[in-house]
Amino acid sequence: MIAAKCVRSLRVSRQVSHITFGTYSMAELTHFDTAGQAHMVDVGGKDSTHRIAVARGTIVMKPETLALIRTGTAKKGDVLGIARIAAIQGAKRTADLIPLCHPLALTRVTVEFLVDDGANAVHCRSQVETIGRTGVEMEALTAVQVGLLTIYDMCKAVDRGMTITDVRVLEKHGGKSGDWVAA
């Protein structure tokens, strides 16, 4: 939304060299050039470093649905096992889904699910690693989303009211910007 408004503003006058929207300027939105055109960021000059990103998210459901997952009796099979494979595949295919995301050679993807009876939820945590010139936050987020979407798909026949929530990056390591951990 921010980028779309910035681009619309630039179409009015391409002579503008510095556009701001809220507290962000076009210079800070790295996927846009000074003319407001989308482009893939050039990472060619960056050093290859060990990059790690951790993301998490939650799917909330009826207690009966959670019981099917816990006991492995869902009609479509092993929900968490299939969701884990889907999440890993999602991380590997991120560049096919997010248009300006660099295709990366991932060195490691782990996905963990925690069944939370108290919250009637399944929590998903992914950790993605590479040796490369750009971070793996998008891959970690995609892994979580695809894992949770797979749980939804496999259980929607018994619970269409499931809610995917709280998907976020928890931490990232490596690269010029160093380490970042969510508060």
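Even glycines carry a Cβ here, placed using N, Cα and C.
Just so you know, TrEMBL annotations never went through curation; they're auto-generated.
The active site annotation in TrEMBL covers Asp153. The substrate binding site annotation in TrEMBL covers Leu100, Cys101, His102, Met138, Glu139. The annotation domain 'Molybdopterin cofactor biosynthesis C (MoaC)' is assigned in TrEMBL to 40-175.
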- Which of these binding-site residues has the least crowded Cβ, counting other Cβ atoms within 10 Å: Leu100, Cys101, Met138? Leu100
- Message: What does the structure give for the C-alpha distance between Leu100 (substrate binding site) and Asp153 (active site)? Integer Å is fine.
- Response: 27
- Near substrate: residues not in Leu100, Cys101, His102, Met138, Glu139 with Cβ within 8 Å of the site Cβ centroid are Thr94, Ala95, Ile98, Pro103, Leu104, Thr134
- Task: Please average pLDDT over the domain 'Molybdopterin cofactor biosynthesis C (MoaC)' (40-175) for the predicted structure.
- Result: 96
